[in-house]
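Enquirer: Just dropping this structure here.
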Amino acid sequence: MKIEAVIFDWAGTTVDYGCFAPLEVFMEIFHKRGVAITAEEARKPMGLLKIDHVRALTEMPRIASEWNRVFRQLPTEADIQEMYEEFEEILFAILPRYASPINGVKEVIASLRERGIKIGSTTGYTREMMDIVAKEAALQGYKPDFLVTPDDVPAGRPYPWMCYKNAMELGVYPMNHMIKVGDTVSDMKEGRNAGMWTVGVILGSSELGLTEEEVENMDSVELREKIEVVRNRFVENGAHFTIETMQELESVMEHIEKQELIIS
């Protein structure tokens, strides 16, 4: 079997180490309404279409209970729409600062292309958001062959439609000749639902939620424990393989090809 294409996520996988751009904004739009949410809660739905992310936060029992305490009712769809509009406005202003390629990504992409591998991408950002991120990332040397946003298909993650559209545009089939790489639970589900080899990247991921400085300065035992928690979470949600950094991706690809593995 030959791997012919790799489909990458964006924030937390190829750009924006730790996926911090949306995090503070999600927390802020709730805080403004007197409803405090934690960073851990804000990260949990990461990877979904952003309005679905806001909706998922309002459906978390603790957050819903706190909202009910403040407003004497549960969040309505109008509340969700209002918060999402605020989210977009704030995020658009800061996105250019969070589009730098993660260290090692450009080199891995160049190596994959030398092998004739096509590079696709999916995201939880809207097309308008990605117009900002993709433009800035390209200026810094990262530009996949194709990009699909949830706006381009009937539904975003965990549905497989973005991966299918990548496959069609890149001209690659069957789906087990492709690898999906991401940093969230929804990425793992997207890849598995699409019938692709699915790989979770840990360092720089939203699931780990650490800055580069925090990773460098953290006690090695504590860091290892956190890495293993994320690794297990990825596997429990469908990852065939996990890697700590993007530099390990090619060895995973070679393993798949040499072993003639079958997706299960």
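A Cβ is built for glycine as well, from the same backbone N, Cα and C atoms used for every other residue.
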Enquirer: Given Swiss-Prot annotates D9, A11 as Mg(2+)-binding, which of D152, D183 belongs to that site as well?
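Expert: My reading of Swiss-Prot gives D183 as the candidate in that site.
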Enquirer: So around the Mg(2+) site, D9, A11, D183 aside, which residues have their CB within 8 A of the centroid of those CB atoms?
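Expert: Apart from the listed residues, the neighbours are W10, G12, T13, T14, D16, C19, M46, G47, T123, G182, T184, D187, S205, S206.
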Enquirer: Specify the secondary structure state of D9 (active site, nucleophile) as given by DSSP, simplified to three classes.
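Expert: D9 (active site, nucleophile) sits in coil per DSSP, no helix or strand.
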Enquirer: What residues, ordered by sequence, lie under 8 A Cβ-to-Cβ from A11 (Mg(2+) binding site) and sit at least six positions away in the same chain?
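Expert: Sequence-distant Cβ neighbours: C19, A21, P22, Y98, T123, G124, Y125, V133, S206.
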